[in-house]
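In what follows, a structure is listed as structure tokens, so that the remarks can point back to it.
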Amino acid sequence: MESKLRVGIAGPVGSGKTAIIQRLCENLKDRLEIAVVTNDIYTQEDAKFLTNSKALAPERIKGVETGGCPHTAIREDCSINRIAVEELEHEFTTLDLVFVESGGDNLAASFSPELVDVCIYIIDVAAGDKIPRKGGPGITRSDLLVINKIDLAEMVGASLKIMERDTLLMRKNLPWCFTNTKTGEGIKIIAEFLCNQIPFARKMV
């Protein structure tokens, strides 16, 4: 039986994808049945991080070693990830939500519609306030754009006002939010967004 929603999490290396998945699992695991597939090129570091954080039971986390371009494994030939998702769905037949975390990639990364239903793209403030206006599919067309690590803005000389202005310009009416995984700011917004994507899921109270 398929899960109700497959969610792709993409973004550059170091943008905070795994930390956001951890926070989302902590926020939603008492309300939804969740599993995670992580992608790394040669290791399973992200899967180990989630396991060690106890965000989910270890058997609900599957690490995939892509052995090559991270973009290929989520777009052109997503079979390795599709198999991993299907294995989790076979083992846990009441899944509401499966996260598929891509390996770190550039602003051109996008998921195959055969693999996920919804794409969340994550960038971080530490990369500079110019990132939103650089565009790319993740910035302009993802179902939700997340601008993470807002606590670092002052330290790196980035303006959140500029990032907000450019994000509104690039995304028009598509949703986006700021987050800080250290404090949890913005995580509830993402969690609510995901719950609203699941037609028959147990809604947040």
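Cβ atoms here come from the backbone N, Cα and C positions, even for glycine.
When other Cβ atoms within 10 Å of the Cβ of GLY16 (GTP binding site) are tallied across all protein chains shown, the result is 23. Here Swiss-Prot flags GLY11, PRO12, VAL13, GLY14, SER15, GLY16, LYS17, THR18 as GTP binding site, drawing on sequence analysis.
Ranked by how many other Cβ atoms sit within 10 Å of their Cβ, the binding-site residues GLY11, PRO12, GLY14 place GLY14 at the bottom. Counting only same-chain residues at least 6 apart in sequence, those with a Cβ under 8 Å from the Cβ of THR18 (GTP binding site) are THR38, ASP46, PHE49, LEU50, GLU101.
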